Amino acid sequence: MEKIVLLLAIVSLVKSDQICIGYHANNSTEQVDTIMEKNVTVTHAQDILEKTHNGKLCDLDGVKPLILRDCSVAGWLLGNPMCDEFINVPEWSYIVEKASPANDLCYPGDFNDYEELKHLLSRINHFEKIQIIPKSSWSNHEASSGVSSACPYQGKSSFFRNVVWLIKKNSAYPTIKRSYNNTNQEDLLILWGIHHPNDAAEQTKLYQNPTTYISVGTSTLNQRLVPKIATRSKVNGQSGRMEFFWTILKPNDAINFESNGNFIAPEYAYKIVKKGDSAIMKSELEYGNCNTKCQTPMGAINSSMPFHNIHPLTIGECPKYVKSNRLVLATGLRNTPQRERRRKKRGLFGAIAGFIEGGWQGMVDGWYGYHHSNEQGSGYAADKESTQKAIDGVTNKVNSIIDKMNTQFEAVGREFNNLERRIENLNKKMEDGFLDVWTYNAELLVLMENERTLDFHDSNVKNLYDKVRLQLRDNAKELGNGCFEFYHKCDNECMESVKNGTYDYPQYSEEARLNREEISGVKLESMGTYQILSIYSTVASSLALAIMVAGLSLWMCSNGSLQCRICI
């Protein structure tokens, strides 16, 4: 009878109603790194490092770049005859110059403060070329004879289009005194130059006067130049050299020129009609007839990610450049399907729901939820409230990280002349240092936020478990694996009340108490039965052993194998 009661009790325990708390799992193979672990598989993740580009030069916010092709900035501004396609250019978003353009200063020489001029151009989006001193106004000097085979055009000698090389006329070079007053509302970029002959004979041949000078003055500029006559090696067939200068003439200011030889006079100037963010980008790419918000020398980036690893030099609304190869943010949970046992490991920032052995692939409509089983069946149900709060929290966190890191950031190359190489090297070291710091900060941020996110999910599962536990109290038994076993019948309506937090503890407490006491009594009674059976079994086996030993002894004595002596 006792065995029958025990068997019925066991059967009733197996068929008890249950509710379990768990979390979502899927077939994702996405992996993230945290402070504590590497390559943690998660249900959802978001890459925040852009690694792709289109390999083209594109319009920036609908404005085309000025692609100088085989011309340099100097060749464009002075008017190298091979750069005639850039005589008048529309508004540009940025300027593209090749690393070693073929059409630079056709007549050999130097461009003074060239790097500073390029820096100025990085804040200009449009020039308007205007004539300030007409070529025809030089009646006392030869304005058309100043050409060179170093600057050919259609097989003939020519010269820079925007300046005039003045030569003596009728064996005389009268002293020049010219002024130009800037009556425009915009600043003017004005260029001029000086010719340095190869020897004294060339000096008098071109300018008649053996000793010459050039004076240039504005409200902020006071310059006096003299030619440097010296024997030099030929470049582009020329032993002479030319040196070019520039200045910005403010509105209502005047520029004054005085010279008695070697003067390369301005004919055209550039009115700065639009200022803005621009850049001079070194690139060999071709125009791709495309549009972008971020351009690099390697190609355009169209991405909302906060970081990229394509090229450190950029123009536009660009992510920050880092040296990392991988930056992935966890947005979902640890992906540990139920077939795999979960390691009970505590995170860095909070408690982990390590009592749950694995996630549920059957629960697809939420991150956290329930699995129940009763006489009416079984099924999964997501906890929509906790899931939505978690989604909002993680989404806000990811957006916050992206917003904080996605500030408008431009990094354009700086150019230095030969005398500034030490400054250039120091600048490169500083920029490399900044990139190292940015990279370290980005990687550390991702590691810490991933740790927080995973612990945040674990904490939410534990909170859901505690919510159920506090409702059920002693009306159910904790099984230690995230499940509760009811001491009373719990139909679907009852299960739903547990899930939505309206479980009526008093309604089921009496039934639960009786079932709990009955199960406890069965356990005690069955324990007493087992004790009696064990004592009986011990005594019986001992008695049987004694009889066997006595019988064996008598048999051995009877056949002489064993001698028995009784001493009194």
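Each residue, glycine too, has its Cβ placed from N, Cα and C.
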Between Cys483, Cys490, work out which one Swiss-Prot annotates as bonded to Cys494 by a disulfide. Cys490
N-linked glycosylation site per Swiss-Prot (candidates: Asn27, Asn559): Asn27
Can you look up which of Cys20, Cys58, Cys151 is joined to Cys106 by a disulfide in Swiss-Prot? Cys151
For the disulfide involving Cys58, grab the partner from Cys20, Cys83, Cys290 as Swiss-Prot records it. Cys290
Using other CB atoms within 10 angstroms as the count, which residue among the disulfide-bonded residues Cys83, Cys106, Cys290, Cys294, Cys318 scores least? Cys290
Euclidean distance between Cα atoms of Cys294 (disulfide bond) and Cys58 (disulfide bond), Å: 9
Within 10 Å of each Cβ, count the other Cβ atoms and name the one among the disulfide-bonded residues Cys58, Cys71, Cys151, Cys490, Cys494 with the highest count. Cys490
Return only the integer: C-alpha distance in Å from Cys318 (disulfide bond) to Asn302 (N-linked glycosylation site). 9
Go through Asn26, Asn39, our glycosylation sites, and report the one whose Cβ sees the most other Cβ atoms within 10 Å. Asn26
Rounded to a whole number, how many Å is the Cα of Cys106 (disulfide bond) away from the Cα of Cys494 (disulfide bond)? 91
Nearest by Cα to Cys290 (disulfide bond), of the recorded positions Asn27, Asn302, Cys490, Cys494, is Asn302
Given the recorded positions Asn26, Asn27, Cys71, Asn302, Cys494, find the one whose Cα is closest in space to the Cα of Cys151 (disulfide bond). Cys71
